[in-house]
Amino acid sequence: MTTSSSSGGIITQFYNCVVLKDHRLVDDYVYVQDGKIIDPAKMFFDERRAPDVRIDCGGGIVAPGYIDVQINGAFGYDFSNDTDIIDEAVDNVSKGLLMQGCTAYCPTTVSSRPEVYKQVLDHLGPRAGSVERGAEVLGAHVEGPFISPQKKGAHELATLRTAEGGLEAFDECYGLDRLRRNVAYVTMAPEVSGVLESIPRLIAATGIRIAAGHSNATTAEATQALAGGASMITHLFNAMHPFHQRDPGVIGLLGASGTTRPFYGIICDGVHVHPHSVMIAYRAHPDGACLVTDAMAAQSLPNGVYKLGEMDVDVHDGNVYIQGTNTIAGAVITLAECVRNFARFTGASKVEALESATLHPAQMLGITGRKGVLAHGADADIIVLDHELNVQRIFVAGKEATRENVVYKNKL
Amino acid sequence: MRLIIRDDPKAVAYYTANYVRQRINEFKPTRKRPFVLGLPTGSTPVEVYWHLVDYYKRGEVSFRHVITFSMDEYVGLPRSHPESYCAFMHRHLYDHINLRPENVHMLDGNADDLAAECQRYEDKIKEVGGIELFLGGIGPDGHIAFNEPGSSLESVTRVKTLAYETVLANARFFGGDVNKVPKLALTVGVGTVRAAREVLLIITGAHKAVALAKCIEEGVNHMWTVSVVQLHPSAMIVCDEDATLELHVKTVRYFKSIEQVQEQLIGRQHIGLKGSISKLASSDPADSFGSGVLPPAAATASKDSNTSDASQSSADEDASDADDDDDDVSSQPFSDDEDRNGDTATAATPAASTPSPANILADSSSDINGVRVDDSLTPAAPVGNPF
């Protein structure tokens, strides 16, 4: 077989599969070259090429790789606490997540002191995915510290702050330049002093996106945040004012008519949010659902007690509590499990469940040109699943990730 | 000219695809001696291509040494436009089979010099040795490719202005907006099609009936360009019953009886794919005409069984019109024709399938008018036919 004189590396064709395309699962092929998804007609007529490698998907589903926009750590590593070994943390978590079918993610930091941000943010910035380095890092998700003390969850009270100084306060805490270079989005509480006015200015100064979370805000305050440019809600239902019929708080944004409603992260481990609540939220605003794990360092660690940063946590069969309390410290679920749970909780179709972990997070981050879709020109981050939505094969930047070529370790 | 009449478009598509498959396999193409195929676009070819893709996926045909030439292409439409003929062919055929990209030839409707592009195309056809089999359809006005009424019957590949009727007919692919339909097209000429060694036209639907009648029952005429098939030494038309609506009853009966006679008196295994007869019916299995086709039942048993034979098929067809393709045709394309689609060119199941003359006549359940014609590959025109 001769290849033409045209450019480009080997061409891989995924066949014998149904492809997630145009909001449907269709009998089709996916073609990959040089880490990107390519247009087969151009390949055929312009480049005069035929596929070099053909991958039989066994009749399974071909979908974009999963995208997790809220994850604090895993495999014993924590992005907020392992400041001295932050590169090692990113390395191992990236590879570990890749092997779970997550091909891109936002490493998340909890409320921390300014020194911590100075130390870690530059190491949590965008980094391309590969078999050698693991899942793509899309930029950090900085959760806090401009959040409500009443809704801090497992965050440390002493780190929380207010923003009376406006942009100055954010600069002093994170460094605006550091935000611009490394951060995908920041979670803050609209009712915290100085936050509402700062939202549009922060967006203009740094280009980051803003999420409302860990907040007691009224619906009126939350709506103002939305108007100011906030586009995401962080782990809907958790660490926010519960739904009340006369003031639904941040949750109420799912019912805001006459305006573009925000995306919302939602944790589908069955623990953080009751399955019925997931269904109610989904049916209220299906296009906004972004499945997140909010996983913490104990993810993929066996049951036990661990010292994670300043906290002692108790990992027990999928539940993680701050030792001695009823406060959930975080989740230990994988995104692939979240997708399966979500489909079960809500009755969503396979397409809808898959899109909630791929297309919607990519839309929230504004990166649908290259992530979260199997479109010509997009990055070839691909997963092959069976029809029960179990991940069977994983490809990042066009290359298959296997146990042999993706090697990582637990910290502990 | 052979006229093969089948019940409906699905049966027509199946017959055609099966024929193409057998022609390719019998030809045994190689790199030095490729099989050159001319291909049309349109809704009937879609189903033919579907079958060809299926044959390929089942390993029953390979396009490795097949070269294709398309009949036409719009001028000025980007290749990436979903309605361009490039996109159509890729979507329905090229993307699914092992045709080599360098063996696919499409007219370039965006070339700077359209006349030179047409000449290049003609030259390329000559370079590869001419077209072995040209598939085509027919327009309601009797045109082949875009050779609209008034086209010279000796025309070559050139730019044509589309007839208004054609533009209107194509508007449905452009959101119903006549203004969006291209008005110019590059097309192979009538002469180009005539130069092919064999021409196979697929004609289905009542709206083609007048055109079919004009083209085969009246004179050769540039207002009905498909009529040139009358002058071609190796032409075949596969059509459905609806397309015969304007034909004389005796024409239809005649062509149906041809297939019947061949089966009964000659025996399918003695008739070549293109109609040549080796000898009259014999019971000697070693006599069957079976050059180079793929082993039969190796393919799935559920479809086109190469092993079926006249007696088996006629037994299945048992006399009634209700025992028809129609029931199954809407679902699995293959389940219905499994028994009926015989293959004259196969060496398959010798003993069981070779009918003796006595058997054939005894088992025939079709009446002389061909009410139930076996959907086999029996060509309609024996050697020395009086046409």
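Every residue gets a Cβ built from N, Cα and C, even glycine.
Unlike curated records, TrEMBL annotations are generated automatically.
Residues A:A154, A:N238, A:A239, A:R246, A:I328, A:A329, A:G330 are recorded by TrEMBL as substrate binders, and the candidate that the same record lists for that site, out of A:H141, A:H272, A:H316, is A:H272. TrEMBL annotates A:E143, A:H235 as Zn(2+)-binding residues; of A:H123, A:H214, A:H274, the candidate listed for that same site is A:H214. Straight-line distance linking the Cα atoms of A:A239 (substrate binding site) and A:H214 (Zn(2+) binding site), rounded to a whole number, equals 5 Å. Residues near A:H214 (Zn(2+) binding site) in space but far in sequence (CB under 8 A, at least 6 apart, same chain), listed by position: A:E143, A:G144, A:I147, A:S148, A:K151, A:K152, A:G153, A:H155, A:T187, A:A189, A:T234, A:A239, A:M240.
Within the set of binding-site residues (A:H235, A:R246), the lowest number of other Cβ atoms found within 10 Å of a Cβ is recorded at A:R246. Confidence annotation: the domain 'Amidohydrolase-related' (A:61-399) carries a mean pLDDT of 95 in the model.
In sequence order, the binding-site residues near A:D294 (active site, proton donor/acceptor) (Cα within 10 Å of its Cα) are A:H235, A:G330, drawn from A:A154, A:H235, A:N238, A:R246, A:I328, A:G330. Taking the Cα atom of each, A:R246 (substrate binding site) and A:H235 (Zn(2+) binding site) are about 22 angstrom apart. Following the DSSP three-state reduction, the secondary structure of A:E143 (Zn(2+) binding site) is strand. Each residue contributes its Cα atom, and for A:H272 (substrate binding site) and A:H235 (Zn(2+) binding site) those atoms are 9 Å apart. Packing around A:H272 (substrate binding site) is summarised by its Cβ count: 23 other Cβ atoms lie within 10 angstroms of its Cβ, all protein chains included.
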